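Comments concern the structure below.
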């Protein structure tokens, strides 16, 4: 009883401290100590073994995925510093017009994140550009925020096949699949998320117009707008798309080789390349990002004037997202050594539910607890996924359903990405979280449940 109460208190403290803006390292360590003290775990062992090491250790995760975070952040920095990302955003704005600002926002964020640009770079790129769009369209900032979250933090993060997101790589690494696993499931889920998400934000905009609600500027907007590049200063939009095409092309290459009949077990350069890509689910997308960064440096003269400086800034940008995620996973590593977590695991597996609904429930709960989709997915893959494979769930299906499920209840108020986005845009939970909740929690949950229903009747 005391152990379960301690788990609840620790989780409550973690959520409270996250909402109060307390450093995530302090929050996770304090919560881990409470878990240890109330669950008969030795505190030194919890902090020096369970938290940093083991299958769910913070350092284990950081070491395994450091290269991917590093390459992704450097590529994102290259796209931002060259104004290639801004050029793409400006081109889509010209094509669709200010009246379709919500579509512009969603599509730009989706294209950039699907192309390998990290979420925070996308937000910092899109928001300064969006201020002018919001002002001209008289769009409430809360809806711009929701459209950004829809494009950058839902279907391109977990559902679209081939995306180089950390979630896709975590699942591929754990299950021995590739980034295109469960492709049709991901496409169906993506269509549902786009349709429902855009229906919601467009409806909210119409209601806002009827109420007389519009764009309200503040001092932060003026500062952020100065960051936006001068229209036309960056490369042509078609040239700006080349590095993104390179990322996706390299990731797609193994599938093309297999479609062409190349056998990974045979001799030859192509067979060796295919074998390497299949055996290295973390290094292969990292390599794609490296090649794309090199392509950007070759194409964009602005990057060549300060190549090492930009690469260094990108490397710096990778550290905090990696460590924040690792800290949450380290907390999960402590929790998984408690009797309460074992009881939870047994309870979930014993529920009278179809296996995929059980997957949805377990991944969703873990992601909600830690406030991180990647953290929740890693905890699930290391602790519960083998049980579902033993039940006969196909690895490709488990890959995609678990991925999409992780991207639902993770976006509760204590989610680090939600807090960061609100801070960047000068918003609060009170005036903007409802819309974020609908597009990043309700919509993905509906999408994954529909996909599970379709799978069950096939």
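In case you wondered, yes, glycine gets a Cβ from its N, Cα and C as well.
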Among ranges 101-127, 128-154, whichever one TrEMBL labels transmembrane segment: 101-127
Per TrEMBL record, range annotated transmembrane segment [choices 56-80, 206-230, 381-405]: 56-80
Range from 101-127, 237-262, 322-344, 436-457 with the greatest count of C-beta pairs under 8 A to the transmembrane segment (179-201): 436-457
Most Cβ pairs under 8 Å with the transmembrane segment (237-262), selected from 282-301, 322-344, 356-380: 282-301
Beyond the flanks of the transmembrane segment (282-301) by 6 or more, those residues with Cβ under 8 Å of it: 64-65, 67-68, 70-72, 74-75, 78-79, 82, 84, 116, 164, 168-169, 173, 179, 235, 239, 242-244, 246-251, 254, 276, 307, 311
Cβ-based contact of the transmembrane segment (101-127) with the transmembrane segment (56-80), 3 or more pairs under 8 Å: yes
Surrounding residues of the transmembrane segment (56-80) on its own chain - C-beta under 8 Å, 6+ positions past either end: 50, 86, 112, 116-118, 120-122, 124-125, 164, 166, 169-170, 173, 240, 243-244, 247, 282-283, 285-286, 289-290, 292-293, 296-297, 300, 303, 310-311, 313-315, 317-318, 321-323, 325-327, 329-330, 332-333, 336, 378-379, 382-383
